[in-house]
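Heads up: the structure comes next, in structure tokens.
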Amino acid sequence: MPELSPGIARLERGLFYALLALLFWLPIPLGSHRPWAWALMEVWVFVMLAGWLVVNTHSPRMARLRPYLPLLLIFGVFQLWVAFQLLPLPMGLLEALSPAKAGHWLATDPGAASATLSLDPNQTHIGLLKGLAYCGILFLVLALVDSPARLKTLALTIVLAGTFQAFYGVLMALSGSDKSWVLGMPNSYGKAAVGGFVYKNHFGNFLVLCLSLGTGLLIAGLGKWRHTSVREFLRSFLATMLSGKAVVRLCLAMMVIGLVMSHSRMANTAFFASLSVTGVLGLLLIRKKSRSLTVLLASMLVIDLFIVGSWFGVDKLRDRIENSSFAQETRDEVNQYGTALVEQYPFTGTGGGSFYSSFPSVKGPGINTFYDLAHNDYLQFAIEFGLPATLLLGVVVLWSLVLALQALRRRRQPLMQGMAFAAVMAIVAELVMLLTDFHLQAPATAVYFMLCLGLAWMARYMKVEDGERVPGVPRPAAAPTGGVSNFTT
């Protein structure tokens, strides 16, 4: 790859730091779950994409993205499907694709000659723009995070964002404030921490994703266990306390406090379950593991759960989990009635963002609360986008999980092992949390989860140094001219 001119090099570095700033910003304004906030995100992303095109014009770098093409292609196809839901189709074609939908539009306007697959085109248009912005962020992460140093900086930024949110959420909860300190939004959760979010479960979900990255960073910094005496152990302990590892560990402790104080049952359950499951997988898959890995995982479970948690309300959280009753909740009934929409529109869906307008048609008499979102993202995606499109997203998530597990087994570099661990932990936790809430409807949590998927691919394919042979990746027939990139070709 030809050397960049000073101006283009500054632009490229500026884009990287603008990306980090965006990731730090996203959770602050209510998880960017307001029209003005996601509009700002969209403008921010599209301007950065234009800047990257300028950089690519002066120094072509699409070849570096070749290992990630399946990931980008699947998300691209999904966005094309959302755009197709917005196209006015002849009524004959619409009837062939979805007779129920054609009947819906003809009942509204018997003389209609064309109609869209989406039952709520305005909301689908909003969802399409958000989806394109999400894909743009994923693309920029894969394109700009092109070295181990930048990968580590990205992970540190995520950890700092989570720590800031946890600190802010805990302070606000302890203060007893009935309004958010940033935008003055009413706080209906009392002593529960919500951070920059409105919904405590979104806050808990966000912290779990950040904790996954932080755990991966700690694993990446583990050294060999060579302590043959108490003196050597104390010396190593003091060196660790004076290094950046101690700062990351303190950040994780702060985030665990925030997670426990969120009183989010599923987020806390998913965190400790994913840490345990991924820890066992890590011990089984990492070939040259040190005793430090076992000590770290054990300390996180013991210290975070029994010491930090006992100070900040884990007993109350346990009581809430034990006393949970489906009789007191209507979310399970929403899921039950929502399946009727899947049966009516199994292949085409009702259209992105149309749940709140389509659900009343199947809502039963036992539900008196207004639900604008299903409390189950699997169901919501199946309702709005159809089963084939939802399964397509399921493929990319499971593919990313497999690649992260392969990276745990095959990669030797601590950073790649740590990032693979983070990706596995985040994916396992998210797969659990999506069963009971709409986490992917908040831009901040949706973007962070997509980032974790991209992290799995980077952990599998990114080269730590020039000329490195990545296990399981065929060596190219001939070395590319103009320099060697940090990625397999």
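Heads up, the Cβ atoms here are built off N, Cα and C, so glycines get one too.
Copied over from TrEMBL, here are the features:
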DOMAIN    251-393  domain 'O-antigen ligase-related'
TRANSMEM  14-30  transmembrane segment
TRANSMEM  36-55  transmembrane segment
TRANSMEM  67-87  transmembrane segment
TRANSMEM  126-145  transmembrane segment
TRANSMEM  154-175  transmembrane segment
TRANSMEM  206-225  transmembrane segment
TRANSMEM  237-260  transmembrane segment
TRANSMEM  266-286  transmembrane segment
TRANSMEM  293-314  transmembrane segment
TRANSMEM  385-408  transmembrane segment
TRANSMEM  415-434  transmembrane segment
TRANSMEM  440-459  transmembrane segment
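Counting Cβ pairs under 8 Å that are 6 or more residues apart, the transmembrane segment (36-55) and the transmembrane segment (14-30) reach 3 or more and are in contact. Here the domain 'O-antigen ligase-related' (251-393) has a mean pLDDT of 81 out of 100. With a cut-off of 8 Å on Cβ pairs spaced 6 or more residues apart, the transmembrane segment (385-408) and the transmembrane segment (440-459) reach 3 or more such pairs and are scored as touching. Within the same chain, residues 148, 151-152, 155, 201, 205, 208-209, 212-213, 215-221, 266-267, 269-271, 273-275, 277-278, 281-282, 286, 376-378, 397, 400-401, 404-405, 407-408, 440, 449, 452-453, 455-456, 458-460, 462, 464 sit at least 6 positions outside the transmembrane segment (415-434) and bring their C-beta atoms closer than 8 Å to a C-beta of that stretch.
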